[in-house]
Amino acid sequence: MNSENLTRAAVAPAEFVLLGITNRWDLRVALFLTCLPVYLVSLLGNMGMALLIRMDARLHTPMYFFLANLSLLDACYSSAIGPKMLVDLLLPRATIPYTACALQMFVFAGLADTECCLLAAMAYDRYVAIRNPLLYTTAMSQRLCLALLGASGLGGAVSAFVHTTLTFRLSFCRSRKINSFFCDIPPLLAISCSDTSLNELLLFAICGFIQTATVLAITVSYGFIAGAVIHMRSVEGSRRAASTGGSHLTAVAMMYGTLIFMYLRPSSSYALDTDKMASVFYTLVIPSLNPLIYSLRNKEVKEALRQTWSRFHCPGQGSQ
C-alpha cells in the first residue's frame with residue numbers, strides 16, 4: 001500500500017509551484033501595474049464589443065455575429081490566465097492545485113484552438129460578403145453561422161481534451177516547479193520524468209494540423225477576396241473591403257505568429273524564460289488589442305458606439 005501511495009503521489013502531486021515571470025520584487029510590481037490595466041482593457045473592451053453588437057440592431061449580421069463571439073472568446077481567454085497571474089505577482093510563493101492546473105490547461109488550450117478555427121470561419125464570411133454581397137445574408141444563414149461556431153468549439157474542445165489528458169497521465173517526480181506563470185504544455189513536459197515523445201509528437205501534429213488547416217482556409221478566402229477587390233468598379237467598395245479584411249488579417253497575424261513560435265518547435269529549442277514574455281503577449285496583449293483593431297477601422301462599429309454614447313449620456317440628442 002505504501003509503495004502504491006508513493007507511486008500515485010509521484011504521478012499526481014497535490015499541487016504545483018508556479019515560478020512566475022521573474023523573482024525580482026520590483027519587476028513583479030512593475031508587471032502587475034502594467035498587466036492590470038491591459039487585462040481590464042481586454043475584459044471590458046471585449047465584453048463591451050459583444051454587448052454593443054447585441055444592443056445595436058444594425059450590427060445583427062453574420063459578420064458581427066462572429067465578431068461578438070470572438071470578443072467573448074477573448075474575454076474568457078484572458079480571464080483563464082490573467083486574474084491568477086496578477087494575484088501571483090504579489091505573492092511570495094505561487095501554487096496551483098493539480099486539478100486546477102489541469103482545468104486551466106484544458107480551458108486555455110480549448111479557447112486558443114477554438115479562436116483559430118473561428119478566425120478561419122470569419123475569413124470565409126468575409127469572402128462571401130465581398131464576393132456575393134446581394135446574397136450574403138442568404139448564403140451565411142443563421143444555421144450555417146451556428147454550425148461554423150459549433151464546429152470551432154468542438155475542434156477546440158477535442159484538441160484540448162487530448163493534450164490535457166495525455167499531459168496529466170505523465171509522472172511528475174522530477175520536480176513540481178513549473179517554470180511559467182500558468183499551466184502551459186511545454187513547461188509541464190519539461191518537468192516530467194516520463195517519456196514525453198508522444199506528447200511532443202501530438203502537440204506538433206495537432207497544433208500543426210489546426211494551424212495549417214485554418215491558415216490555408218484563411219489564405220484561400222483572402223485569395224478570392226483579393227481577386228474580387230481587383231475587379232470592383234467602386235472605389236468606396238474596394239476601400240471598405242480592404243479595411244475590413246485588413247483588420248481581420250492583423251488579428252490573424254498576431255495570433256498565429258505567437259502560437260507558431262510557442263508550439264510548433266521541438267522541445268530542444270524551448271527557451272522557457274523567453275516563452276514567458278511571448279505567453280504574456282498572446283494571453284493578455286492580443287485579446288486587449290482585438291477590440292481596437294476591429295473598431296477603429298470600422299465605420300459601423302464607430303457609429304454604433306457614438307449613438308450608444310449619445311443615448312446614455314445625452315438622452316435628448318440620442319432621441320432626435
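Glycine is no exception: its Cβ is also placed from the backbone N, Cα and C atoms.
Bear in mind that the values here come from a model prediction, so they are computed numbers and not experimental data.
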Checklist line | Swiss-Prot annotation: Met140 and Asp275 on one membrane face | finding: no
Notebook entry, point to check: Between the transmembrane segment (201-221) and the transmembrane segment (104-124), are there at least three Cβ pairs closer than 8 Å, leaving out pairs fewer than 6 positions apart?
Noted result: yes
Next item on the list: Just give the helix, strand and coil counts over the topological domain 'Extracellular' (80-103), going by DSSP.
Entry: 14 helix, 4 strand, 6 coil
Checklist line | Distant-in-sequence neighbours of the topological domain 'Extracellular' (80-103), which means Cβ under 8 A and at least six residues beyond its ends | finding: 12-21, 28-29, 31-32, 35-36, 39, 42-43, 111, 164, 167-168, 178, 181-183, 188, 283-284
Next item on the list: Mind giving me a neighbour count for Cys193 (disulfide bond)? Other Cβ atoms within 10 Å of its Cβ, every protein chain shown.
Entry: 13
